[in-house]
Amino acid sequence: MSLPEHSPLGKPSAYKTEYDASLLFPIPRQPKRTEIGLPEGKPVPFFGVDIWNAYELSWLNLKGKPQVALASFIIPSDTPNIIESKSFKLYLNSFNQTRIASPEALQQLLHHDLSEATGGTVQVRLVTEADLGKQKMGELDGLLLDRLDIEVDRYEPAPELLSADQQESPVEETLVSHLLKSNCLVTGQPDWGSVQIRYVGAPINQEGLLKYLISFRNHNEFHEQCVERIFMDVMRECKPVKLAVYARYTRRGGLDINPFRTNFNTAWPDNKRNARQ
């Protein structure tokens, strides 16, 4: 099993400039899911995707002329593995001096390698120079929790802060906070994010929810793992009928990671970059 501490994170790395798929370092999802009460071999109570965006992708055409593009990768949450982010960066950089016939050929190669590493089917989209000006930005929709004037003293995940008034009629609500911060599982480097929680069910106590989200501030876990922990804690403590959790994290090493988890059928998020990304 690939363990996070064996990944390139926190270690000096030689940057290869010619294509090398072996740089990708997959990490199994299951151990962290076991931690949040999801045993191996049983269905998980959510589905979704991890949306990655790469802003530093370059290669050479067959004449040796550099090419650049943005790339997005949609990794289903039911793949057995995630990709450790530094290894992803090193892999993408390995294309820098690699001659490739066309953007389409690169897209096919990325699809193959990432699908192999994750154990599923990864969608790949390239945005070449001609379309860069068409890229749009947008913020997460929803009622801003950060408006609340609260006192905070918990900085490790505290699901007991969550509650919902089960005596009230169900509501449909979308809540947003830009105060999510966690830390890399291996290096402890800060990860900054915005999070959107959509639900149908008993009204969730908003002050408690904001305190809970802030409680991740000193917590060490990868982005995907944090979002699944949030999903499970809200489900257990607040018991919504429907729940979707979406986080957009700021980029590091030219990559941002945006996990989405839901228990009801809905369109995947539209992947608009927000102002902090």
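A Cβ is built for glycine as well, from the same backbone N, Cα and C atoms used for every other residue.
Bear in mind that the values here come from a model prediction, so they are computed numbers and not experimental data.
Residues or ranges marked as substrate binding site by Swiss-Prot on the basis of sequence analysis: ILE83, GLU84, SER85, HIS223, GLU224. Residue environment of GLU84 (substrate binding site) contains 23 other Cβ atoms, counted within 10 Å of its Cβ in all protein chains. In the three-state DSSP classification, GLU84 (substrate binding site) falls within coil.
If you take the C-beta of ARG252 (NADPH binding site) and look for same-chain residues 6 or more apart in sequence within under 8 angstroms, you find SER85, GLN189, ASP191. Mapped onto three states, the DSSP output places ARG252 (NADPH binding site) in strand. Annotation comment: Swiss-Prot describes SER85, LYS86, ARG252, GLY253 as NADPH binding site, evidence class sequence analysis.
DSSP assigns CYS184 (active site, thioimide intermediate) to coil, not to a helix or a strand. The active site, thioimide intermediate annotation in Swiss-Prot covers CYS184, and the record cites sequence analysis as its basis.
The annotation active site, proton donor is assigned in Swiss-Prot to ASP191.
The highest number of surrounding Cβ atoms within 10 Å, among the recorded positions ILE83, CYS184, is found at ILE83. Taking a C-beta cut-off of under 8 angstroms and a sequence separation of 6 or more, GLY253 (NADPH binding site) has the following same-chain neighbours: GLU56, SER85, LYS86, LYS89. Around GLU224 (substrate binding site), the C-beta neighbours below 8 angstroms that are at least 6 residues distant in the chain are ARG29, ASP50, SER77, ILE82, ILE257, PRO259. For the pair HIS223 (substrate binding site) and CYS184 (active site, thioimide intermediate), the Cα-Cα distance reads 8 Å. A separation of roughly 11 Å, to the nearest angstrom, links the Cα atoms of CYS184 (active site, thioimide intermediate) and GLU84 (substrate binding site).
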